[in-house]
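Summarising the annotation, Swiss-Prot assigns signal peptide to 1-16. According to Swiss-Prot, the feature disulfide bond maps to Cys42-Cys131, Cys44-Cys60, Cys59-Cys111, Cys65-Cys137, Cys66-Cys104, Cys73-Cys97, Cys91-Cys102. If you look up Swiss-Prot, you'll see Lys121, Lys124 marked as site 'Important residue of the cationic membrane-docking site (MDoS)'. Per Swiss-Prot, site 'Hydrophobic membrane-disruption site (MDiS)' is recorded for Leu130.
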Amino acid sequence: MRTLWIVAVLLVGVEGSLIQLGEMIFQEMGKGAAKKYGLYGCNCGMGRRGRPQDATDRCCSVHKCCYKKLTDCDPKTDRYSYSWENGDIVCGGDDPCTKEVCECDKAATICFRDNLDTYDKKYKIFPKFLCKKPEPC
């Protein structure tokens, strides 16, 4: 479990409910899958540094933009509730902010799953100085 936490921290840096995002990815994709994204491309990990290198990197870019749009919420600290129903992630709770944070994490998790075939090992630990200016959110 400690490894999962470290991987989650690498995945989104200081953004979001790291434990929950890491758990969500782990549950959706299996053991060890989350660590593939810790330093991937220009947008996975801490900061948003450039144009996405591929569809997998775009998942991280879209996730960070999703957080950025949550102006009345604090995705860095807001914890949320979610469950699995018939293989689908279901965001719960009555608080609109935490539900929106959950929806951002859910979208990222599904994006990673749906783009597994675009994952390219050459971007696994990508030098950030090669990243070009990021696209606007």
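Every residue gets a Cβ built from N, Cα and C, even glycine.
Counting only residues at least six positions away in the same chain, the Cβ atoms of Ala108, Cys111, Phe112, Asn115 sit under 8 Å from the Cβ of Cys59 (disulfide bond). Summary for the disulfide-bonded residues Cys44, Cys66: the Cβ-based neighbour count within 10 Å is maximal at Cys44. A C-beta separation below 8 Å, combined with a sequence spacing of at least six in one chain, links Cys97 (disulfide bond) to Leu70, Asp72, Cys73, Asp74, Asp78. Look at the Cβ of each of the recorded positions Cys73, Cys102, Leu130 and count the other Cβ atoms within 10 Å; the largest number goes with Cys102.
With every protein chain in view, the residue among the disulfide-bonded residues Cys91, Cys104, Cys137 whose Cβ has the most Cβ partners within 10 Å turns out to be Cys104. Taking each of the disulfide-bonded residues Cys60, Cys111 in turn and counting other Cβ atoms within 10 Å of its Cβ gives the largest count for Cys60. Put simply, Cys44 (disulfide bond) is 12 Å from Cys131 (disulfide bond) when counted between their Cα atoms. Secondary structure at Lys121 (site 'Important residue of the cationic membrane-docking site (MDoS)'), as computed by DSSP, is helix. Using Cys65 (disulfide bond) as the reference Cα, a 10 A cut-off selects Cys104 from the disulfide-bonded residues Cys42, Cys102, Cys104.
The recorded positions near Cys60 (disulfide bond), taking a 10 angstroms Cα-Cα threshold over the set Cys42, Cys102, Lys121, Lys124, Leu130, Cys137, are Cys42. Sparsest Cβ environment among the recorded sites Lys121, Lys124 (other Cβ atoms counted within 10 Å): Lys121.
The most crowded of the disulfide-bonded residues listed here (Cys42, Cys65, Cys131) is Cys42, judged by how many other CB atoms sit within 10 Å of its own CB.
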